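Chemist: My questions will all concern the structure given below.
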Amino acid sequence: MDLTLFPFDKQLCKLGIESYGYTADHVVYKWSKGARTALELKKIRLPDFTIQEAYVTSQMESYATGNYSRLYVCFVFSRSSGFCFLQLIIPSTAVVITSWDMISIILAITFLIFSYNEMMPRVSYIKAMDIYLGVCFMIVFLSLIKLALVKYMRQKIMLTSDSGNSLREMSQMSTRQRLRARKTSSMNFRNNTGSTIPASEETQQMLTVPNGTNGLNGEDKEANNNSGKSHISDMLEIRITQRTMHRFHWVSQMLFFFGFVIFCLFYFLIYPNLHIVSIDPACDKNLAEWFAEIY
């Protein structure tokens with residue numbers, strides 16, 4: 001039984017009739033032809049399969065003792081995939097859809113995969129159901145990563161807003177302290193000289209520093225250098241805003257949705273027809289002598 005296309009697989013069962021005591025030189029089996037009653041089969045239903053067609057063939061089998069005539073009755077069964085849809089496909093699809101807003105839903109898809117593997121026979125090749133559940137698990141995992149990135153962006157925005165408020169408060173405080181220090185130095189200068197300096201000269205006196213050429217002391221130069229470095233780092237850093245976060249969330253949601261829809265269309269409409277089914281020489285339809293009527 002080949003389960004590569006499970007749950008879209010079809011299974012071929014054959015019944016052979018052959019004489020092991022007499023070779024083809026003595027006995028040759030043939031299906032009757034001409035006037036005969038057509039073979040009619042009712043729609044046989046099994047727990048997992050439904051009969052699709054039945055036909056007969058004949059061929060010679062070669063052994064070490066000679067050639068033997070053999071007749072074949074071939075039955076083609078198609079799998080009833082209702083159980084897989086109800087127990088696996090519909091729940092896993094619902095899990096993928098709800099995973100776009102819930103984090104703990106990854107446990108549900110993991111439980112579905114393990115329960116499915118316990119139910120199926122152990123084979124060494126990949127089945128069609130494995131591909132569907134694997135893609136569902138991958139989408140759920142990517143949704144989890146997306147939610148983690150959105151949470152990181154939200155925290156980054158909160159930290160940026162808090163640091164911006166702190167920097168504004170610190171800059172306002174430093175500005176007040178500088179103005180207060182300059183005012184104090186101006187008053188001390190007036191008290192020491194005992195003379196009044198015009199407003200323009202006073203301002204020039206406050207801005208003139210003996211040891212500097214550009215009117216800035218060491219602290220001012222360091223502050224300017226630090227502000228320049230911080231400005232460059234701000235330019236190099238990726239700016240994360242509320243708009244960026246919402247756009248990332250919306251684009252990722254649309255990618256997950258349309259990607260999953262395209263995958264489902266490909267999986268249910270195209271994928272079952274891509275697999276090349278090996279033809280059993282004993283049940284080749286081109287060599288069938290007649291087909292049974294199934295009603």
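Glycine is treated like the rest: Cβ placed from N, Cα and C.
Curation plays no part in TrEMBL annotations; they are all automatic predictions.
So TrEMBL lists the following for this protein:
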type     : residues : note
DOMAIN   : 1-79     : domain 'Neurotransmitter-gated ion-channel ligand-binding'
TRANSMEM : 88-116   : transmembrane segment
DOMAIN   : 103-231  : domain 'Neurotransmitter-gated ion-channel transmembrane'
TRANSMEM : 131-149  : transmembrane segment
COMPBIAS : 191-216  : compositional bias 'Polar residues'
REGION   : 191-229  : region 'Disordered'
TRANSMEM : 248-270  : transmembrane segment
Chemist: If we skip the immediate neighbours and take only residues 6+ beyond the ends of the transmembrane segment (248-270), which ones have a Cβ under 8 Å from one of its Cβ atoms?
Modeler: 93, 96, 100, 128, 131-132, 135, 139, 142-143, 146, 149-150, 153
Chemist: Tell me, roughly as an integer, the mean pLDDT over the domain 'Neurotransmitter-gated ion-channel ligand-binding' (1-79).
Modeler: 84
Chemist: List, by number or range, the same-chain residues at least 6 past the transmembrane segment (131-149) whose CB is under 8 A from its CB atoms?
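Modeler: Same-chain residues near the transmembrane segment (131-149) but 6 or more away: 88-89, 92-93, 95-96, 99-100, 103, 105-106, 109-110, 112-113, 116, 248-249, 252, 256, 259-260, 263, 267, 271.
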Chemist: Could you break down the residues of the domain 'Neurotransmitter-gated ion-channel ligand-binding' (1-79) into DSSP helix, strand and coil, giving a count for each?
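Modeler: Taking each residue of the domain 'Neurotransmitter-gated ion-channel ligand-binding' (1-79) in turn, the totals are 0 helix, 41 strand, 38 coil.
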